[in-house]
Amino acid sequence: MAILVTGGAGYIGSHTCVELLNSGYEIVVLDNLSNSSAEALNRVKEITGKDLTFYEADLLDREAVDSVFAENEIEAVIHFAGLKAVGESVAIPLKYYHNNLTGTFILCEAMEKYGVKKIVFSSSATVYGVPETSPITEDFPLGATNPYGQTKLMLEQILRDLHTADNEWSVALLRYFNPFGAHPSGRIGEDPNGIPNNLMPYVAQVAVGKLEQLSVFGNDYPTKDGTGVRDYIHVVDLAEGHVKALEKVLNSTGADAYNLGTGTGYSVLEMVKAFEKVSGKEVPYRFADRRPGDIATCFADPAKAKRELGWEAKRGLEEMCADSWRWQSSNVNGYKSAE
């Protein structure tokens with residue numbers, strides 16, 4: 001029996017593949033490589049010394065998805081695949097709705113056809129919209145502020161409805177906060193196409209000299225230094241959370257949401273200073289206007305994941321920065337460095 005990992009060549013997906021292989025699972029990866037590299041999977045095999053099955057295919061291709069299930073004994077699915085840039089989703093909403101929703105429909109229809117009713121879904125803290133306070137618990141009001149977040153919210157509801165209709169379904173909805181860092185080997189890490197959308201890969205690329213300076217959006221928030229506060233979680237902690245969630249769906253039925261965060265918030269400037277300290281490089285920055293929809297403070301209450309999944313984040317800020325710098329400095333052009 002194997003675990004199907006959609007989007008398994010991506011940033012969080014590739015790190016989760018490492019943890020799955022190291023935990024003894026057989027894995028099948030489906031990825032269209034639209035925002036990832038097959039080199040990541042080569043390195044997953046190198047890190048673990050284990051093999052995996054890879055299909056370069058799109059979830060929108062119903063025949064390709066069907067053949068993955070026909071050719072492999074799939075026991076459960078971890079579903080990462082999807083478009084994920086908030087700003088782009090505002091500019092081209094139809095593309096996001098079509099890709100993220102239709103792809104998941106085709107996946108779930110194949111799962112139903114082949115009797116696979118266990119799924120771990122990659123959701124996001126964006127489903128909380130603009131939370132009034134932090135820390136955020138799973139029962140906070142939901143409401144997305146952009147089409148990307150809206151697709152996550154809609155898919156959460158659709159997966160819950162599957163369980164309501166057929167209680168043999170087992171669904172874990174993982175709401176990530178801000179993934180950061182890289183595998184400690186320095187062999188896999190975050191490799192965004194073009195200019196990064198997220199703070200820390202941008203900081204890393206400034207430190208390594210690929211980008212000139214960082215734009216810090218907003219320095220007038222009601223926080224200790226005026227910059228936004230977020231919950232940054234080491235990507236390996238996040239990957240371990242997926243293995244724990246997989247154990248849960250394999251051994252029980254239900255549909256539950258879990259926050260995967262550290263429960264601690266750091267400001268943009270704290271992150272920049274921590275990265276400068278670890279890398280020994282200066283990260284020049286300038287202040288810019290707030291981005292529409294950004295909020296002052298957002299961090300998780302991860303108590304439910306600890307209680308029900310037996311998971312908690314173990315790696316701190318310094319380790320995140322050190323691992324990120326090791327990856328970025330030894331792979332200046334990401335996976336393209338290997339070509």
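Placed from the backbone N, Cα and C atoms, the Cβ positions cover glycine too.
The active site, proton acceptor annotation in Swiss-Prot covers Tyr148 and is backed by similarity to another entry. All protein chains considered, the CB of Tyr148 (active site, proton acceptor) has 24 other CB atoms within 10 Å.
Using a 10 Å Cβ-Cβ cutoff, Asp58 (NAD(+) binding site) registers 18 neighbours. The NAD(+) binding site annotation in Swiss-Prot covers Gly10, Tyr11, Ile12, Asp31, Asn32, Leu33, Ser34, Asn35, Asp58, Leu59, Phe80, Lys84, Lys152, Tyr176.
Annotated substrate binding site per Swiss-Prot: Ser124, Ala125, Thr126, Tyr176, Phe177, Asn178, Asn197, Asn198, Leu199, Arg230, Arg291, Pro292, Gly293, Asp294, in sequence order. Phe177 (substrate binding site) carries neither a helix nor a strand DSSP state and counts as coil. For Phe177 (substrate binding site), the count of additional Cβ atoms within 10 Å of its Cβ stands at 24 [all protein chains shown].
For Gly10 (NAD(+) binding site), the count of additional Cβ atoms within 10 Å of its Cβ stands at 27 [all protein chains shown].
Spatially close to Leu199 (substrate binding site) yet at least six residues away along the chain are Asn178, Arg230, Val268, Met271, judged by Cβ distances under 8 angstroms. Listed in sequence order, Ala85, Val86, Gly87, Glu88 are the same-chain residues six or more apart from Asn197 (substrate binding site) with CB atoms under 8 A from its CB. Highest local Cβ density among the binding-site residues Asn32, Ser34, Thr126 belongs to Thr126, counted as other Cβ atoms within 10 Å over all protein chains shown.
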